[in-house]
Amino acid sequence: MKQQICILGSTGSIGTQALDVIRQHSDLYEVYCLTAHNRVEQLAAQAHEFKPASVVIANETHYERLKELLADAPDIKVYAGASALEQIVEAAPIDMVLTAMVGYAGLAPTIRAIKARKKICLANKETLVVAGELITKLAIEYHAPILPVDSEHSAIFQCLVGEDMNEIEKILLTCSGGPFRQFTADQLATVTAADALKHPTWDMGAKITIDSASLMNKGFEVMEAKWLFGVPADKIQVLIHPQSIVHSAVQFADGGVKAQLGVPDMRLPIQYAFSFPRRLRLDGPRLDLFGQPLAFFKPDLTKFKCLALAYEALDKGGNMPCILNAANEVVNAAFREGRCGFLGMADIIEQTMLRTTFEAAPDYDTYVRTDAEARRIATELL
Ligand code: NDP
Ligand code: MG
């Protein structure tokens with residue numbers, strides 16, 4: 001029996017690479033559902049190739065166009081809107097849901113997929129940033145496994161295979177440092193989105209590439225690691241590792257450190273999340289350890305204030321990470337559109353964290369309320 005996969009965000013960087021994995025292993029995997037937000041032509045082309053049972057376009061204004069494009073494929077059901085996207089993950093034949101959509105919008109469908117007891121291949125890290133406690137609780141309650149797709153977390157997960165009995169002493173979370181690693185504060189003041197979009201080692205979607213340049217992405221990943229592996233923040237150390245070869249490591253009680261290494265290729269963590277505990281063949285370049293030396297540095301929290309703010313949000317807990325995420329989504333989009341400077345992003349996030357109502361014990365409704373309030377405040381501050 002082939003595993004049936006639902007890809008939320010199939011037109012993005014992770015989504016298209018996941019389809020490449022499925023293409024290479026069509027004997028094991030089948031696409032049950034594909035979803036996108038705006039890129040309707042690309043979604044239709046994917047549907048023609050993979051013949052899923054259904055497709056969903058989140059932006060309803062593209063519904064008629066998608067119907068038209070798929071008029072020659074009457075077996076593919078076409079839906080539109082955020083609530084259709086939330087419903088589709090519950091379809092009985094689906095075995096795994098790959099959450100490859102970007103931002104807070106991933107939270108609701110991920111919760112629905114967990115409650116439907118699907119295996120979650122989690123790329124959408126914002127889900128764990130916003131509601132890590134709730135998601136982990138639900139995953140246990142509904143027996144829904146969460147497999148990490150983020151490269152660092154996949155690396156940690158791979159290091160933990162066979163270590164069920166052993167306590168983690170420390171997680172070593174690596175970070176390329178982004179394109180501005182060696183910039184001075186003065187230089188950072190004038191960088192543009194075009195500069196930030198030139199990531200030195202990874203080719204990713206626009207939002208996460210900006211988050212990688214500001215190191216907010218690493219702050220998010222500390223939170224993601226905390227929830228996925230049940231390790232407190234003070235046992236998660238961030239290391240700047242410009243070569244992006246060591247994807248992360250785990251230190252155990254005997255001082256032993258296990259790391260996972262490889263070329264930067266997201267298809268490996270995507271495929272591993274699908275196939276765990278098996279390793280399948282993946283064609284592509286292989287690591288050449290003679291190629292370059294490995295270096296590791298401490299991150300500069302004064303220069304990269306977003307990482308400091310993420311630590312602060314983590315320390316405060318409650319709905320503070322949700323506030324941080326909402327403000328970040330607003331300023332990240334504004335920076336890409338030239339409406340906010342690079343350093344201005346951290347200032348607005350900090351102000352939003354001070355002004356949004358803090359709640360120490362949030363539930364789902366709190367997150368919805370907090371996200372809306374923080375977005376409104378960050379937008380006003382802009
Ligand atoms: P992209 O921007 O490349 O793709 C995002 C996907 O989500 C697209 O299919 C997009 O549709 C869809 N989408 C965007 N907004 C919405 C919405 N409101 N409702 C429904 N669908 C939406 O992002 P990435 O693939 O880079 O990242 C996806 C997630 O994976 C993010 O959470 C990111 O942090 C995480 N991640 C990504 C990595 C990478 O290498 N790219 C590495 C580790 C984690 P459309 O194309 O139509 O706009
Ligand atoms: Mg990562």
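Glycine too: its Cβ is placed from the backbone N, Cα and C atoms.
The domain '1-deoxy-D-xylulose 5-phosphate reductoisomerase N-terminal' feature in TrEMBL is assigned to 5-132.
Here TrEMBL flags Thr11, Gly12, Ser13, Ile14, Asn124, Glu126, Gly205 as NADPH binding site. Glu126 (NADPH binding site) carries a helical DSSP state (H, G or I). For Glu126 (NADPH binding site), applying a Cβ distance below 8 Å and a minimum sequence separation of six or more within one chain yields Val102, Gly103, Tyr104, Gly106, Leu107, Phe220, Asn325, Glu329.
Marked as 1-deoxy-D-xylulose 5-phosphate binding site by TrEMBL: Lys125, Ser151, Glu152, Ser176, His199, Ser212, Asn217, Lys218, Glu221. DSSP assigns Glu152 (1-deoxy-D-xylulose 5-phosphate binding site) to a helix. Neighbour list (Glu152 (1-deoxy-D-xylulose 5-phosphate binding site), Cβ cut-off 8 Å, at least 6 residues apart, same chain): Leu173, Thr174, Cys175, Glu221, Ala225, His247, Ser248.
The domain '1-deoxy-D-xylulose 5-phosphate reductoisomerase C-terminal' annotation in TrEMBL covers 146-229. Across the domain '1-deoxy-D-xylulose 5-phosphate reductoisomerase C-terminal' (146-229), DSSP assigns 41 helix, 11 strand, 32 coil.
Positions annotated as Mn(2+) binding site by TrEMBL: Asp150, Glu152, Glu221.
What TrEMBL records for 261-376 is domain 'DXP reductoisomerase C-terminal'. Each residue in the domain 'DXP reductoisomerase C-terminal' (261-376) gets a DSSP state, and the totals come to 65 helix, 2 strand, 49 coil.
Across the fold, the C-alpha of Asn217 (1-deoxy-D-xylulose 5-phosphate binding site) and the C-alpha of Gly12 (NADPH binding site) stand 17 Å from each other. If you compare Cα positions, His199 (1-deoxy-D-xylulose 5-phosphate binding site) sits closest to Gly205 out of the binding-site residues Thr11, Ser13, Gly205. Here the binding-site residues are Thr11, Ser13, Asn124, Asn217, and the one whose Cβ sees the fewest other Cβ atoms within 10 Å is Ser13. For the domain '1-deoxy-D-xylulose 5-phosphate reductoisomerase N-terminal' (5-132), DSSP puts the residue distribution at 59 helix, 28 strand, 41 coil. Counted over all residue pairs in Lys125, Ser151, Glu152, Ser176, His199, Ser212, Asn217, Lys218, Glu221, the record's binders of 1-deoxy-D-xylulose 5-phosphate, the longest Cα to Cα distance measures 19 angstrom.
If you take the C-beta of Lys125 (1-deoxy-D-xylulose 5-phosphate binding site) and look for same-chain residues 6 or more apart in sequence within under 8 angstroms, you find Asp150, Phe220, Glu221, Glu224.
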